[in-house]
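Note sheet for the following structure.
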Amino acid sequence: MSSEPPPPPLQPPTHQTSVGLLDTPRTRDRSPSPLRGNVVPSPLPTRRTRTFSATVRASQGPVYKGVCKCFCRSKGHGFITPADGGPDIFLHISDVEGEYVPVEGDEVTYKMCSIPPKNEKLQAVEVVITHLAPGTKHETWSGHVISN
């Protein structure tokens, strides 16, 4: 054992070191996103993480109709506007049935499931596109583009 005192704790520098990269505020140019107005749940609830009991409850529930408000394939989620009004419903990519990627204006049917942990908000599950939006290009999950 040594009788030397422990070294003093490291202190942050008292002067500002500047590299030049952080001196200027950075702004990001972004295209407007229709997803910005909606709140995406965190963590994202997916079919894979849903409990069996929640899946059973949703499957036994009523079928609703709505229109796809927006869907971003790269982000893996979007929103549905219910046909009977009310707030937009969150949609995760894992809950889309069928061969087409939803686009704005597609008519859909869906069931609803509450989003944990508080179960205050709802998400669409078992989503089926019933009518493709006219005048739009639709993509299959495998990447083929079909003009409508």
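Note: Cβ is positioned from N, Cα and C throughout, glycine not excepted.
Note that the structure is predicted; figures quoted are calculated from it, not measured.
What Swiss-Prot annotates here:
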type     : residues : note
COMPBIAS : 1-12     : compositional bias 'Pro residues'
DOMAIN   : 63-130   : domain 'CSD'
MOD_RES  : S2       : N-acetylserine
MOD_RES  : S31      : phosphoserine
MOD_RES  : S33      : phosphoserine
MOD_RES  : S42      : phosphoserine
MOD_RES  : T46      : phosphothreonine
MOD_RES  : S53      : phosphoserine
MOD_RES  : S59      : phosphoserine
MOD_RES  : S147     : phosphoserine
REGION   : 1-47     : region 'Disordered'
If you draw a 10 Å sphere around the Cβ of S147 (phosphoserine), how many other Cβ atoms fall inside it, taking every protein chain shown into account?
-> 7
What DSSP reports for the domain 'CSD' (63-130) is 3 helix, 41 strand, 24 coil
In the three-state DSSP scheme, S147 (phosphoserine) belongs to strand
Mean pLDDT, the domain 'CSD' (63-130)?
-> 91
